[in-house]
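This report refers to the structure that appears directly beneath it.
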Amino acid sequence: MRYRASALGSDGVRVTMESGLTARDRVGVQDFVLLENFTSEAAFIENLRRRFRENLIYTYIGPVLVSVNPYRDLQIYSRQHMERYRGVSFYEVPPHLFAVADTVYRALRTERRDQAVMISGESGAGKTEATKRLLQFYAETCPAPKRGGAVRDRLLQSNPVLEAFGNAKTLRNDNSSRFGKYMDVQFDFKGAPVGGHILSYLLEKSRVVHQNHGERNFHIFYQLLEGGEEETLRRLGLERNPQSYLYLVKGQCAKVSSINDKSDWKVVRKALAVIDFTEDEVEDLLSIVASVLHLGNIHFAADEESNAQVTTENQLKYLTRLLSVEGSTLREALTHRKIIAKGEELLSPLNLEQAAYARDALAKAVYSRTFSWLVGKINRSLASKDVDSPSWRSTTVLGLLDIYGFEVFQHNSFEQFCINYCNEKLQQLFIELTLKSEQEEYEAEGIAWEPVPYFNNKVICDLVEEKFKGIISILDEECLRPGEATDLTFLEKLEDTVKHHPHFLTHKLADQRTRKSLGRGEFRLLHYAGEVTYSVTGFLDKNNDLLFRNLKETMCSSKNPIMSQCFDRSELSDKKRPETVATQFKMSLLQLVEILQSKEPAYVRCIKPNDAKQPGRPLPRSPGQGAAWGGAVCIPPPLVPRYKSLCPETWPSWAGRPQDGVAVLVRHLGYKPEEYKMGRTKIFIRFPKTLFATEDALELRRQSLATKIQAAWRGFHWRQKFLRAKRSAICIQSWWRGTLGRRKAAKRKWAAQTIRRLVRGFILRHTPRCPENAFFLDHVRTSFLLRLRRQLPRNVLDTSWPTPPPALREASELLRELCVKNMVWKYCRSISPEWKQQLQQKAVASEIFKGKKDNYPQSVPRLFISTRLGADEISPRVLQALGSEPIQYAVPVVKYDRKGYKPRARQLLLTPNAVVIVEDAKVKQRIDYANLTGISVSSLSDNLFVLHVHREDNRQKGDVVLQSDHVIETLTKTALSADRVNNININQGSITFAGGPGRDGTIDFTPGSELVITKAKNGHLAVVAPRFNSR
Ligand SMILES: Nc1ncnc2c1ncn2[C@@H]1O[C@H](COP(=O)(O)OP(=O)(O)O)[C@@H](O)[C@H]1O
Ligand SMILES: [Mg+2]
């Protein structure tokens, strides 16, 4: 019983499992290990077919990649595809060649072990294509080496050149590799490609002179004829027509629609330059290619002694030029054979058949040796130039094996025998490595190992290569033995020696039924990939690979640099017989196996869907494919790290022993005992569905985990951001606080210093100015000035003024004066003319009455009015009497008679010239100002006043005693109008006045409580006036 790794989940999981299975129904499983019926070939093919229908050409068998040739570009090798497969686990992405490429590369880098990718499969299955894709993957995704990317280009460009010279169209494949290729790519410790090396195996050189029907010679011939410039062809003596060359027409298909020789030629020409070919070298190389074509057209005719003679002189001429050899030597060498007998050289002429044989042998030798030279040349170009650098010493190597695939044709010859033996050998290695590793794993895990029946082809390998008893040994023996050995005697020998071998059959050994399908000159091998019938014709010759001595000598004398490297003179003096072709091939294969065994292997198995080289056609069974799964092995992937998220106890990590972890996980997932087996370090699972269910559960779980991880990550991310912001804020805050603190400290220091200076200055304030008190004194001054500025008096009446410091007393006084002047000036500017007049009058009033008359203070706040009587209150007759004289002031007054002191209402008018006393409409008295000698009033609060007139003026009746309610105003205006300001007498006690000619009157004033005016008994007018202001 075989097991695979797996797990199972709850009911919720089953739903997705079903849908998952539907998809699987359609496209099959991506790993054959997951097939329920994994030993069944039918199930295998069905799975392959399902996937192929959906253009899924890749499928795994454990670590082995199976690839089906789609025969069309599926657009799956782009740069995006490469990126997708980089750095991801093998099982996490759909199967792909790039997944293998990346896994191998990572193993190479991390474990620093050499790796080898073995690509196998029958001819036309896609091996060469896969190799190219792998190279492309490494060239594009690996880091570039320090010294430019030239190595990458050379690695890539070596391909078209090798393919032009080593590939040909066969019935199986239009670009069939006719040589085996093993390519090492060296990587430095950084994983950059730094060099490469190619080993080539047994070029199928018989193709140079002969091709089966429907096949072609090597591409290069057709490419040169199709693409070569006129000039080149002329130089080489070639015609642009493959039909003209006998070596190109044997297969009768020089032109093939699927091959574009012209454009391929361009690619080759460019590639040659990349891999360091100089123009001269290209010319030499093309000369050789052309010489092979000319050789093919050399004809012979028999002379009378049946000896062959060259009849095509033209060809010979070109040949001697192209190969740079002596014409006569070449002619002789083509028609004679040199034999050394008893130390003597003998020339024996060749008959027609022998001459043709010699010619073909020369063509094959020239071409195949040139091919080997070409490989050498490419290797020199690929060799790492940095051999001495330290990185060189730590290089690791990745090997890519692209060998010719298993081949079956109608007629199979020595070449097919070698090719198929090679495939047999590699299959053997594959089985050994994979089965062994699986068996070892099962044993290491302590799982009962129940071997799957598979075909071990060791028995076939032995049949071919065993010493003495193997086919190669028998062939060599036949080649070497003296006497008449032929292909048929070889067949008889074979029949004798290996007749009981179950994988060997000949006409003679076959039973009645199978005998019909076998010719007499044929033997059949039952290869691992199917039966192949080989015709023995040519086996001996091809194995001997004989080139006559004089032909070798001729070529050794060639001046063509490539030829002189290919044919070395030491070869001539070497007496030892060279190893036969089959033995050489066997040895090189053994070496190859050793190389591969020393490396960590990876496998790609290519399969051909049909023999028609057509896309989309399904997969019929065809020989060679059995091997794809016959020997395949199922190696289960590891379980727990992948599925640990499905069980709470194992998530996120299991601290105990891994085995216990698996046990817990399996119990949680509900595996039944028959579904799995526990190994020492792995678990093995019986049914794929168990694994699918677990996979589906994992898919669901992953989604929820992804959400959680996202949330955690976002939380983390924002927290980091927040913490950063917080740190920055704190940083800014502390900086700012520091700045503030420093500022404050500086301020305090300054303050302390200032206070100290002030205190010291204060103490020394009375001493003369010195440095100690200068600051204080200045401060006092400035502060006084500043204070002064704020406390300046608001108006003229405001007399406040700050006290100045002693030093500023004088300045202060000056300032004060200035300030007052300024205020006065300002005030004066601001008053109106009326107000000015008012103030002037008031000033005059003040001059006259201030401190002298008792009711003066009451008059101060009352404004003087321009006139107390309107024009309508004065009689027009009076106005008429006054004529043109204007009335400046009019006020109602009371006149006291001079004798009886009777009060009578009168109007007092002031004109520019006189005081006029008016009674209603009549001017009672006119006192010209010239006649007004003075005015008397009492010092008390009464309103009486006397106008004194000139005594000599007879027109006048005498002084006038009047009373005005506005006595101050009336008197001020009168004094001003009459210019009698200095003539106002303010009397204490009494006033004497002239009451008429020679008669005087007196008015006595006494203070009292209220105003009383009466005629006293003494005939005086007695006035009692209330006292307002006590003096
Ligand atoms: N992966 C692939 N995608 C598309 N075409 C392919 C692929 N592999 C092979 N082919 C086609 O098949 C032909 C034969 O493939 P090739 O690699 O030469 O076979 P092999 O080397 O195994 O004999 C190629 O020329 C190409 O046309
Ligand atoms: Mg190939």
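Heads up, residue numbers simply count up from 1 along the chain you see.
In case you wondered, yes, glycine gets a Cβ from its N, Cα and C as well.
Predicted, not measured: the structure shown is a model, and the values here were computed from it.
Note on TrEMBL: of 60-82, 428-450, 589-611, the range annotated with the feature region 'Actin-binding' is 589-611. Secondary structure from DSSP puts GLU122 (ATP binding site) in coil. DSSP gives THR128 (ATP binding site) a helix state. Under 8 Å, Cβ to Cβ, and six or more positions away along its own chain, LYS127 (ATP binding site) finds ILE119, SER120, GLY121, SER177, ASP402, ILE403, GLY405, VAL604, CYS606. There are 25 other CB atoms within 10 A of the CB of GLY126 (ATP binding site), with all protein chains counted. Among the binding-site residues listed (GLY121, ALA125, GLY126, LYS127, THR128), LYS127, THR128 have a CB atom closer than 6 Å to some atom of ligand 2, in sequence order. Just so you know, of the binding-site residues GLY121, GLY124, the Cβ with the fewest other Cβ atoms around it within 10 Å is the one at GLY124. Between the binding-site residues GLU122, SER123, GLU122 has the most other Cβ atoms inside 10 Å of its own Cβ, all protein chains included. Residue counts for the region 'Actin-binding' (589-611) under DSSP, split into helix (H, G, I), strand (E, B) and coil, are 9 helix, 8 strand, 6 coil.
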